[in-house]
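Asks: Annotations per TrEMBL:
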SIGNAL    1-15  signal peptide
DOMAIN    21-97  domain 'Ig-like'
DOMAIN    102-189  domain 'Ig-like'
DOMAIN    197-284  domain 'Ig-like'
DOMAIN    294-377  domain 'Ig-like'
DOMAIN    387-471  domain 'Ig-like'
DOMAIN    480-565  domain 'Ig-like'
TRANSMEM  581-602  transmembrane segment
Amino acid sequence: MLLWVSLLVLAPVSGQFATEPKSVIFLHSPWTTVFQGENVTLTCKAFHLDASEKIKWYRWYLLEKTQSETSGNTHEVHESGDYRCQAQDSPLSNRVGLFFSPANLILQAPLDVFEKESVILRCRAKANTGLKTIKLYKNGKVLEDHTVEISVGMLTDFHIHQASLKDNGKYHCTGVKEDDQLVSSNSVKIEVQELFPRPVLRASSTQPTEGGAVTLTCETQLSPQRPDVQLQFHFFRDRRSLGSGWGSSPEFWIHTIWRENSGSYWCQAQSMNSSVQKQSQRLQIQVKIPVSHPVLTLRAPGAQAVVGDMMELHCEAQRGSPPIWYHFYHEDVSLESSSSSFGRGASFNLLLTAEHSGNYFCEANNGQGFQRSNTVSLTVRVPVSQPVLTLRASRAQAVVGDMLELHCEAQRGSPPILYQFYHKDVAVGNSSATLGGGASFNLSLTTKHSGNYSCKAGNGLGVQQSEVMLLSVIVPVSRPILTLRAPRAQAVVGDVVELHCEAQRGSPPILYQFYHKNVTLESSMSHSGQGVSLNLSLTANHSGTYSCEADNGLGPQCSEAVTLSITGLTGSRSGPVATSVTGGLLSMMGLAAVALLLYCWLPRKAGRKPTFDFSRNPSASDPQEPTYHNVPSWIELQPVYSNVNPNRGDVVYSEVWTVKVENKQAAASDPELLKNMDSCVIYSQVKGAYTAAPKPQLLAASTPHR
């Protein structure tokens with residue numbers, strides 16, 4: 001009884017445990033068909049039923065329903081109908097149909113027929129009825145034919161040994177009275193029931209972790225109409241028996257399960273007398289091995305990971321039951337998930353960019369907990385991009401003497417980066433940027449630094465060259481020289497005089513401007529760097545001082561002033577003009593004599609002999625083209641006097657040059673001009689031509705402009 005109660009509690013109903021079993025009705029005697037006048041005792045059994053508890057009884061007959069109540073669990077009845085009972089707090093029992101027959105012949109059968117049981121079908125005649133033959137029919141066909149001695153109230157039992165589903169059907173019996181009258185019984189429907197259904201093997205886990213515990217349960221449901229039947233259970237793995245064999249417990253405990261315990265499990269259940277034995281379906285149990293710490297490997301095509309390479313990330317756990325799920329991470333951000341059904345690891349490919357530098361790790365999980373790999377750092381090397389060369393000067397134009405910075409920088413590229421600077425394809429310097437960025441190189445500019453510049457950048461992944469940059473070093477203009485060129489010694493109204501202005505140094509274009517008495521006459525641009533000229537058709541107003549200015553954007557330079565005297569006479573030159581010329585000539589001769597004495601006396605005083613150089617031939621100059629000029633800036637002259645006779649060869653010529661002693665180097669650079677460095681006077685020369693009537697000469701003087 002205790003086993004029956006336990007099974008009612010533990011046995012599953014449609015895969016679930018019943019919350020409360022139904023009440024069950026038992027018959028005494030066991031027949032569901034009896035003769036009228038006889039009684040049948042019904043017993044109601046329920047879970048947790050108290051002996052003093054009241055039981056409700058229900059009877060349905062045709063359309064009538066009656067209800068009664070007993071203080072015990074038994075109820076004696078004598079009327080046909082469907083009976084149900086209900087104990088307190090229990091569901092109603094199933095219907096039990098009873099038939100009290102008025103016929104002379106009845107066929108009696110038990111209420112329930114279970115598989116493998118021996119079943120008795122009793123064909124019973126009334127007490128006042130005698131029969132000579134009795135036949136048993138199943139589904140209208142004679143099953144057995146018995147000839148018996150005529151007796152009153154006789155009964156005949158028909159046996160079904162080890163009932164099975166093939167015995168299901170409708171049964172009735174017939175008898176023949178002694179007057180050959182046929183008597184037929186009621187019909188009885190036999191349905192053979194399972195004593196218990198095929199068991200189902202369940203496991204606390206079908207994928208247990210190695211080293212864990214597993215509980216196996218062989219679940220079935222014993223019919224409550226057979227509470228006295230006991231079941232036994234047996235567990236198997238593949239073809240091996242587990243435990244000690246048959247046992248009364250439907251559970252089997254595996255306290256520690258290992259990888260080799262994986263396999264196909266099944267169980268058997270049988271009644272105690274072994275008449276009914278059933279086997280469950282097989283259940284696969286795969287013991288899972290937790291994954292070990294995976295190893296992350298980064299596989300690049302070369303020794304270094306470079307932008308554009310295809311990088312393979314391979315994650316693999318050396319131990320762990322498949323399938324294993326692998327997850328890849330970059331800086332804690334999930335990249336990809338992949339599964340491995342054979343435990344060989346998983347891979348993930350990346351087309352590298354600069355953003356892929358950083359820390360990587362992977363995780364492995366097979367349902368038994370995840371494991372994380374160690375972190376692997378990846379540095380993606382970026383080849384240098386084409387560098388940009390920048391020329392940085394202190395002003396808009398590079399000028400001689402300025403400090404110029406050459407800055408070379410590649411916008412992309414992994415450090416360290418080596419920068420090299422080139423001038424006209426010749427290396428002039430290099431610098432390394434260990435932390436990235438650019439590098440600089442400084443130049444103090446001279447005229448030689450003009451030309452094409454470029455730079456190169458390299459970081460071991462190739463060299464890139466910048467575009468070529470052209471540098472033009474601008475030279476400020478030097479002090480220009482103004483030269484006045486006239487067709488005769490004395491400028492006369494109507495002559496055309498050429499004013500020529502030229503700076504010996506200076507980068508073009510140079511803007512020249514001519515001035516007369518500090519008033520601008522004209523401007524002219526020289527793109528070639530040579531000087532420019534201005535022609536004047538002289539009038540009396542053109543007398544006075546002239547100067548010129550040169551400018552190439554780096555500051556103007558002004559020449560020394562040149563004085564031009566213009567005469568308006570076009571006939572014979574006499575009178576006051578001759579007197580003036582003669583006086584001027586005598587003054588010139590006096591100055592020349594003084595200069596000659598100084599020239600001879602100073603060296604003699606110093607213990608040296610004077611040196612005379614008459615190599616300059618004044619006749620080499622065209623006497624028809626006198627020149628009014630100022631001297632180059634490296635030598636400062638004062639004053640310069642010259643007079644010529646453009647019409648005759650009898651010329652009185654005098655010229656005095658004075659040189660500053662401090663500019664020894666400049667003076668020494670022209671040996672024809674300066675033979676004795678200690679002399680204040682270079683040379684003095686006087687030519688005289690005597691005629692019967694000497695004519696007056698025109699005197700022009702050039703005074704340095706301060």
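Every residue, even glycine, has its Cβ placed from backbone N, Cα and C.
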Asks: By DSSP, what is the split of the domain 'Ig-like' (21-97) into helix, strand and coil residues?
Replies: 0 helix, 41 strand, 36 coil
Asks: Do you know the DSSP helix, strand and coil residue counts for the domain 'Ig-like' (480-565)?
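Replies: The domain 'Ig-like' (480-565) comes out at 3 helix, 48 strand, 35 coil.
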Asks: Restricting to the domain 'Ig-like' (102-189), what is the model's mean pLDDT?
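Replies: So the average pLDDT across the domain 'Ig-like' (102-189) works out to 88.
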Asks: Treating G and I as helix alongside H, and B as strand alongside E, what does DSSP give for the domain 'Ig-like' (102-189) in helix, strand and coil?
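Replies: Tallying H, G and I as helix, E and B as strand, the rest coil: 3 helix, 55 strand, 30 coil.
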